[in-house]
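A.B. asks: Got a structure here, written out as structure tokens. Questions coming.
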């Protein structure tokens, strides 16, 4: 008998020992886990192939990877609601806990979840939207995506809590049986008197309610020696309150619940196929946010750059597939994305609402959409969003300073999780992660401020208004301007009609109205022209 397996559970043992072969702490590397390394290689190969095929193929992949999880979630919800104890889990889900709602970490994780789910701050949304038409109704898209995201979150949470409610009932029944055997042993050895057992209690069909009644009687009578008996309360609420997150939710709690399903192998295959789909879908979007702007800006070969990115990502990912890799996953998940992502989103918000100007942005949206967006957006963009996120970020920084960060380690000898603080070198990596993730923002700003890097002002900009395309050549060099006017490409041949002058701001003095335009991609600035003077 494996002691570690016997003292925990089969599912927990399989995850920590068979799959991860995890070490006792982040300080013990333990070398690479070859099974996990192979899986990482396959995963990045699939992402690379999808990216090389381009937006057309990734769009088709997205149809499947986006719709398949909904099919699985609906199937799981129907199956979950038919399970005993599912209602207990759902009731627990909708019961508010004020102590948790006052914890800044809960709000920080909630904000990060929204950023991840909507793709905010990653560049993926901007990358995909660069393929849209110039008059695309972005207002409808934004509203639709937000509602779909909210619906999906509620659906997924219902599924999780229905299944966790079922698991909590199973574990509670197991607890009742184990402790009832202890009580029977004490009765047979005369440690406890038979008078303490209520007459209606039947040990052959002992319910949780009967056990709780018996437990309270014994605790009251044997108050002085109760701890020595080693009896557990076996409360369903305690089982439901056991916090499960990260990899533990998918690979331990949910999987353990599925082992009790009828036809459990089928549900397991469906569940893990859904996880693979979600992972690939997320990575394709994130990779697009990285590759699209670089390919469009520097005109590098897409295939070469994508392969290079995937190889680099695989090499960096090797840190996660060593035996202590799960602890690094926790570190990256908790700190490399949350704070820097919040900073990125705040600065994006400030850039549009305060530097570029909310009124100017609203006016351009009005001309692009054909109607004026609600005034609600004006106040949300300018005041509500930046203030809320700034408060959240400040509270998170204070909390990090007050309570040292740590992680849950699996201790092999104890067959249990134990909270450990990060060692000094891990803290250095953690701080470096936050700094590195935020560094490009001030770095690029300084480089562009001192004209060390081109900000794209000499590139051809395109102005769009009511079906007409206008090319702004005011910022082109002399040679570029001559080449533009003498272009032999039909779509870039200047119209023989007299040009109309439009005032586009201090830097735009001589736009030329064109009857047609080249296909716009990422990096082409669509500037809305004001009424011709």
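Glycine is no exception: its Cβ is also placed from the backbone N, Cα and C atoms.
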A.B. asks: Ranges 376-402, 457-483, 484-510: which does TrEMBL label transmembrane segment?
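C.D. replies: So the range that TrEMBL calls transmembrane segment is 376-402.
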A.B. asks: Could you give the residue numbers and ranges of same-chain residues that sit at least 6 residues beyond the transmembrane segment (304-323) on either side and whose C-beta is under 8 angstroms from one of its C-beta atoms?
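C.D. replies: Sequence-distant neighbours of the transmembrane segment (304-323): 20-23, 28-33, 36-37, 39-41, 44-45, 47-48, 51-52, 287, 290-291, 294-295, 329, 332.
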A.B. asks: How many other Cβ atoms are found within 10 Å of the Cβ atom of residue 282 (Na(+) binding site), counting all protein chains shown?
C.D. replies: 17
A.B. asks: Which residues of the chain, 6 or more past the ends of the transmembrane segment (266-292), have a CB below 8 A from one of its CBs?
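C.D. replies: Residues packing against the transmembrane segment (266-292) from afar: 43, 46-47, 50-51, 55, 58, 61-62, 64-66, 68-69, 72-73, 75-76, 79, 116, 119, 122-128, 130, 250, 254-255, 258, 302, 305-306, 309, 522.
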A.B. asks: Count the Cβ atoms, other than its own, that fall within 10 Å of the Cβ of residue 278 (Na(+) binding site), considering every protein chain shown.
C.D. replies: 16
A.B. asks: Could you tell me what the rest of the chain brings near the transmembrane segment (376-402), counting residues at least six beyond its ends with Cβ under 8 Å?
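C.D. replies: Residues packing against the transmembrane segment (376-402) from afar: 104-105, 107-108, 111, 338-339, 342-343, 345-346, 349-350, 352-354, 358-359, 361-362.
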